[in-house]
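What TrEMBL says about this protein:
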- 28-52: transmembrane segment (TRANSMEM)
- 43-292: domain 'G-protein coupled receptors family 1 profile' (DOMAIN)
- 61-80: transmembrane segment (TRANSMEM)
- 100-122: transmembrane segment (TRANSMEM)
- 142-160: transmembrane segment (TRANSMEM)
- 199-218: transmembrane segment (TRANSMEM)
- 239-261: transmembrane segment (TRANSMEM)
- 273-294: transmembrane segment (TRANSMEM)
């Protein structure tokens, strides 16, 4: 049986095998992922509300943080709700159209996460290395421009990847050993030539993964050298504390992402790759609000004020 790309393909259904096929584990997985999803949405929503409602937080750093929180809510919403519905209905199917849509938004939002983390590193670099000119350089226009460019590049990349998948034909092997339509896994299920898709995927991974990471590493090299140049211990601590939260988030995001891709290169065990990818698709967006709020006095006081006005 051979499905050509076209009308027949539109009626295809992929089978998402999920994290486990054990029926006894399904209620546990449902409860775990539902609670993680609710914590992610609530936590990031609180960060956005705190930044909007508190005039003390109307600064470039918190503007970028609220954008990151919005992207994290959307990011988890592309995968977890569908997984929860599938567990609840005891169905593993996802339609061709839903699968392509999921690929598009997952690639878009993952790219946005990377670009926003780079923009936030650049913001910290300006604040610590050029404090006197910081507010002049990082004005409203530049802030908006940095976020807009991040969105445009991410949207174009996601469109390219999803259009490339639309060109593929699929046969009978439609089982995806994952809990969502992961780009690589879907491309591997095609029975037409995927050489061009593979080239685009790897080139985009190098470019869109490498550029933000290089920008972050460069910013932090400059930040570290600037902090060392500060004479007082209190000044060093204050400068470092302003980027500790961001550094934790960057380490968590890139550590888990690189871990998943390195493990996928070493092992062919799709189940372990799917489990490992939970780290950057679910755990990292859930932990981001905690990392920023627990280490940040401004966010904590804004959240307290928000709670007081809500009573």
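Placement of Cβ uses the backbone N, Cα and C atoms for every residue, glycine included.
It should be emphasised that the depicted structure is a prediction, and the values quoted were computed from it without experimental measurement.
Per-residue pLDDT, averaged across the domain 'G-protein coupled receptors family 1 profile' (43-292), gives 89.
Just going by CB pairs under 8 A, the stretch in 28-52, 61-80, 100-122, 142-160, 273-294 that sits most against the transmembrane segment (199-218) is 100-122. If one looks beyond the transmembrane segment (28-52) by at least 6 residues along the same chain, the residues whose Cβ comes under 8 Å of a Cβ in the stretch are 18-20, 58, 62-63, 65-66, 69-70, 72-73, 76-77, 80-81, 83-84, 87-88, 282-283, 285-286, 288-290, 292-293, 299, 302-303, 306.
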